Structures are given as C-alpha cells and as structure tokens.
C-alpha cells in the first residue's frame, strides 16, 4: 500500500516534478556559466578568447617587443579567456615565474575581473608597436596595445554579470516555491501559485534580455577587436558559454509554460466541480403559480 501511495503521489504531481527538474537544471547551468573563468579548473566556460595572430605581419614586432626583457620573453604565446566573473591567462612561459618570484608556478592563472591593473602580467603584456610623430609637434607618441586590458574591458564594460546574478537568485527562489506547493497540505498554496506565475514570467524576461546581451557582447568582440587591432589579435567565441546561456533560457521558458498549464488545469478543474454541484430546490416556490405551468395540472 505504501508503494502504491508513493506512485500515486508522484504521478499526481508529475507536472510539478517536471517543473522542479527544469528549474534545477537551469540553476546548475546558470551557476556554472557565472563562475566561468573564475579559476583555472573552469576556464573552458569562457565568453571570448584572445590571442596574438601568428600570421599577422606585426607578429615579429610583438616577439621583439617581448624579447627586450627576460621577464617578458615568450609572452606573445599567451592565451587569454574572458568570463563573467574573471579573466584567465593560459600558456604562460615557464621562465616567467622565476623572474617574478612566484612560489608556485602554473601555466594558467585566473584573476577577478576588476583586479587586473595591479598584477604584474597586466604591465608586462603591454606592447609598444611604433612611435608616430604628431603633425603639430616633433615629439612622438607611443602606440600601446594590451591584450589583457581588452579581456578586462570585455568582462567589466561589455558583458556584465549582474543580470546573471539576479537570475540565479530568482531561479533558486522559484525552486523553493515550487517545492513548497508540491508538498501536500500546506497553507497559502493558491497565493504561492499565483506568485510563481509572476516570478517565472519575470525570470524568463530577465534572462531573455541577459542571454541576448551575452550573444551581442560575444559577437561584438568577435567582429570588432580583430579589425580595431589591425588583425594583430584573433578572437574566438565561447560556444560552450553561449550554449549554456540559451539552454538555461529554454529550460526557464519550459518551467514557466508548465507552471501556467498547471494553473489553468487547476482553474478548469475547479470550474468543472462548481458546475457539477446540483442546484438546491427553490424554497420560495410555495404556490403553483410560481412554478412551471407543466406542474400546475390538476
């Protein structure tokens, strides 16, 4: 009997269980997307990847620029990945640690997105391409390119994490409310169900905007950075992050659709129950003239 009761319990609440499953998948996708490039273990979840193009005619100039000092030798081979919460630098030369007094060395290191200007690599990755004389002055101005600064600008100024953070918090809140209405014999379920409809629609709208902005930011960097750097820097789009963003949106949309269908089903069931209630006999028909003429026959 217990097994039958459990089967009936889950069968009756299967739509809400699907909603919980969709919600839980969305939470995991959004969290892994948020912490991408926060440490070397999850740097594969990047938004944009930058590196110097070794086919560029300026590549030899970049090599010579880094060869001027033993501390920067080989930095032209670095790969920089930009994420929501941080920036990861990969393929760091092995000799770089000895010249910078690093106690432990790894060829990959990640920094928080707003704490880059103070790290040694930020200054060491600056390259001076040429000196251009001004038409109004005999003095020459330096043309400086910093690949790490471009990655920082992507994470700080182009693709912001705040919409994603708000979506994660609201999605976790929605999971708790769905879990609440799934448990039987709890009060205020009607109010919570109505609130869930509003909350799910808000989350879909919020992350819909966030996913579209992520798509725009990734493609803007992909198209603008190579041209603006005279094709010195190549850019690769983070397909994994883009897929996670759109799949999480799809699951949130499914979640909202399921909740609306459950609400409409419950409203229809309630209406059918009200319609099936038999009408009570009118106690005011005390005289034969008050009733139908069919009942007034002698």
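Cβ coordinates come from backbone N, Cα and C, glycine included.
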Quiz item: Given 243-263, 264-284, which one carries Swiss-Prot's transmembrane segment label?
Solution: 243-263
Exercise. Could you let me know which of 72, 103, 293 shows up in Swiss-Prot as phosphothreonine?
Key: 293
Practice problem: Given the candidates 135, 288, specify the residue that Swiss-Prot annotates with phosphoserine. | Solution: 288
Practice problem: State the residues, same chain only, that lie 6 or more residues beyond the ends of the transmembrane segment (17-37) and have a CB under 8 A from a CB inside it; answer 'none' if no residue qualifies. | Solution: 10, 43-47, 81-88, 110, 155, 161, 164-165, 167-168, 171-172, 174-175, 178-179, 182, 207, 238, 241, 244-245, 247-248, 251-252, 254-255, 258-259, 262
Self-check item: Long-range Cβ neighbours of the transmembrane segment (163-183) (under 8 Å; 6 or more residues past either end)
Solution: 13, 16-17, 19-20, 23-24, 26-27, 30-31, 33-34, 84, 189, 192-193, 195-196, 199-200, 202-203, 206-207, 209-210, 213, 252, 255, 259
